[in-house]
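S.K.: This structure is in structure tokens; I'll ask about it shortly.
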Amino acid sequence: SLSAGLDLPGRFLFATLTLMTLIAILVFIEEAVYIYRKIPSSKRSIIIWINAAAPVISTTSCIGMWIPRSTMFTDFTAGIFFAIVIHKFLMMMIKECGGQKLLLRRFENDRFTISTGPCCCCCLCLPRVPITRQTLFWLKVGTFQFAVFRPVLIFLSIVLWSNDNYVLYNLSPKEPALWINIFLGVLTLTALWAVGIVFRKVRTLLTCKNIIPKFALYQFIVILNQLQTTIIHMLATQRIISCAPPLSSTARGSYIAQQLLIMEMFLITVISRVVYRRKYHDLEPLECTDEEAGDKKQTP
């Protein structure tokens, strides 16, 4: 068994990381109960989904650490869950603005800046798009397609892997892993772009809702779960992360990625509890802001 092959420091490390995962789960459960009791029902499920991202990734990483053969499935489970969370975060920003109708009224005759990351941050020549029901629909599609197509591609990967036709992070042009990963990369960038466009527009309005620290936590999960893990696995595939018998380079890379994610997601879970629980003021009613704007125009 795995525990039998560990020395004393290794067992202590595994026990500590497992304890951190259990604490993250308990913190999330306590936070979910608080959200269920205190948050309006229209926002309740969305906020619980977003708060669940870090503890779910921590749990899948812990399972993959203890059961190495399950890494393929745990990584894919975390990937599917995170794809849904990206769409939920976009919907949360719209909900915090009072819903789609109020958002469109608040930003009537305004425009979205689409020259934003991660796709078009350097393309400053791109036109600004009017904020309409149609543009908001396409931004929702931008995140929803990721939540739909990523599970389909992951299911395809598992089918190919079970038939020995798929090797994770084998970037040979003849292997399906390269093309599936490229397609997943395009879908991911499109979803993150849609979230970035909406955030850039609503961040000033939702400052009272702590949207900036919430977005920062969301960005950290993206970077750590996607970019960090991919870089570590690619370094292991290229043998830059050396083998340490009985672990091969790829197995050692998986252990490093999983152990880092457990510690990082534990910290994000604790910080998320503080950020989402902090009391904040509701947005002023639209009628009040309209009256203030009218008073300013009348004032010489």
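From the backbone N, Cα and C atoms, a Cβ is placed for every residue, glycine too.
This is the feature table in TrEMBL:
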type: TRANSMEM; residues: 12-34; note: transmembrane segment
type: TRANSMEM; residues: 46-67; note: transmembrane segment
type: TRANSMEM; residues: 73-94; note: transmembrane segment
type: TRANSMEM; residues: 137-158; note: transmembrane segment
type: TRANSMEM; residues: 178-199; note: transmembrane segment
type: TRANSMEM; residues: 211-236; note: transmembrane segment
type: TRANSMEM; residues: 256-276; note: transmembrane segment
S.K.: Relative to the transmembrane segment (137-158), which of 12-34, 46-67, 73-94, 211-236 accounts for the most Cβ pairs at distances under 8 Å?
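M.R.: By the under-8 Å Cβ criterion, the transmembrane segment (137-158) pairs most with 73-94.
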S.K.: So which of 46-67, 73-94, 211-236 has the most C-beta pairs under 8 Å when paired with the transmembrane segment (12-34)?
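M.R.: Comparing 46-67, 73-94, 211-236 against the transmembrane segment (12-34), the winner is 46-67.
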S.K.: Go through the chain and flag residues at least 6 beyond the ends of the transmembrane segment (73-94) whose CB is under 8 A from any CB in it; none is fine as an answer.
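M.R.: Distal contacts: 43, 46-47, 49-50, 52-53, 56-57, 60-61, 63-64, 100, 103, 136, 139-140, 143-144, 146-147, 150-151, 154, 157-158, 168, 191-192, 194-195, 198-199, 202, 206, 211, 218, 221-222, 225-226, 229.
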